[in-house]
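Undergrad: The structure that follows is given in the form of structure tokens.
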Amino acid sequence: MFSLFFIWDVLFFCFFFLILHFHFILKLLCIPTLRLYGLKCRIMPFVPSAYFLMPGCAVIGCLDPENFKEFKLIKRTQLSHNVAKFIFALPTPTSVLGLPIGQHMSCKGKDSLGEDVVKPYTPTTLDSDLGYFELVIKMYPQGRMSHHFREMCEGDYLAVKGPKGRFKYQPGQVIAFGMLAGGTGITPMFQVTRAILENPSDNTKVHLIYANVTYEDILLKVKLSLSLSLSLSFLFYLLLRTTSS
């Protein structure tokens with residue numbers, strides 16, 4: 001009987017110790033964190049293929065605002081003759097990029113003369129996409145950074161620094177957004193729109209006017225069409241200079 005009471009006391013003590021020092025233990029174990037729809041969460045392994053989220057913890061992203069960090073290209077998909085989708089791996093499958101909604105990052109590469117070039121880009125993924133980030137890039141014939149992406153192969157590395165930008169979107173920040181985008185300028189608009197539409201508690205309306213020269217120039221066709229079909233709060237207007245027969 002004594003041993004049973006002793007075991008119970010030990011378990012009771014350990015339980016309260018974990019509660020009181022839970023946040024410190026999470027930091028000590030370096031368990032990754034993320035921001036999901038504006039809620040600060042920490043990812044905890046529950047079973048080998050599942051996770052649960054612990055609210056109230058700070059976000060620890062992979063980006064560094066002062067120094068370039070390299071990320072490996074794990075998949076390249078050609079979407080058209082001059083547009084490709086690039087997927088880059090983060091350090092672990094549960095790592096978070098750490099890019100606030102509405103902000104962008106700087107990417108560094110080499111132009112055709114071998115000189116360094118830096119240009120801002122906005123991923124089409126959010127911090128809720130764990131372990132990777134995605135860039136949809138239109139490569140122009142004379143573009144200096146376009147040359148770098150055109151030459152990139154799976155296994156190559158891209159130098160990235162961020163976050164950058166003054167705008168940070170918070171759910172419910174405004175009643176509605178009026179967005180104007182042309183060509184590759186759709187990516188920052190898509191980032192904010194996707195964050196709004198995937199958050200069931202965010203009732204912000206989005207009216208997007210997207211202009212292109214031809215139908216073939218439209219970036220993110222499938223994703224924009226899917227967003228339009230799934231939400232009544234998203235209105236999408238497409239302007240084309242020319243149309244194919």
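A Cβ is built for glycine as well, from the same backbone N, Cα and C atoms used for every other residue.
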Undergrad: Would you mind telling me which of 79-97, 174-192 TrEMBL tags as transmembrane segment?
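TA: Going through 79-97, 174-192 one by one, TrEMBL gives transmembrane segment for 174-192.
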Undergrad: Starting from the Cβ centroid of PRO120, TYR121, VAL136, LYS138, MET145, SER146, THR187, the recorded FAD site, name every other residue in that chain with its Cβ within 8 Å, sequence order please.
TA: CYS107, LYS119, LEU135, ILE137, PHE149, THR184
Undergrad: Across the listed FAD-binding residues, PRO120, TYR121, VAL136, LYS138, MET145, SER146, THR187, what is the farthest Cα to Cα distance, given in whole Å?
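TA: Taking every pair among PRO120, TYR121, VAL136, LYS138, MET145, SER146, THR187, the longest Cα gap is 17 Å.
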Undergrad: Apart from its near flanks, which chain residues at least 6 from the ends of the transmembrane segment (174-192) lie with a Cβ under 8 angstroms of it?
TA: 101-102, 104, 121-124, 126, 136-138, 204-212, 217, 219-220, 223-224
Undergrad: Taking the Cβ of SER146 (FAD binding site) as centre, how many other Cβ atoms lie within 10 Å?
TA: 20
Undergrad: Restricting attention to the domain 'FAD-binding FR-type' (66-170), give the mean pLDDT.
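TA: The answer is 95, the mean pLDDT of the model over that range.
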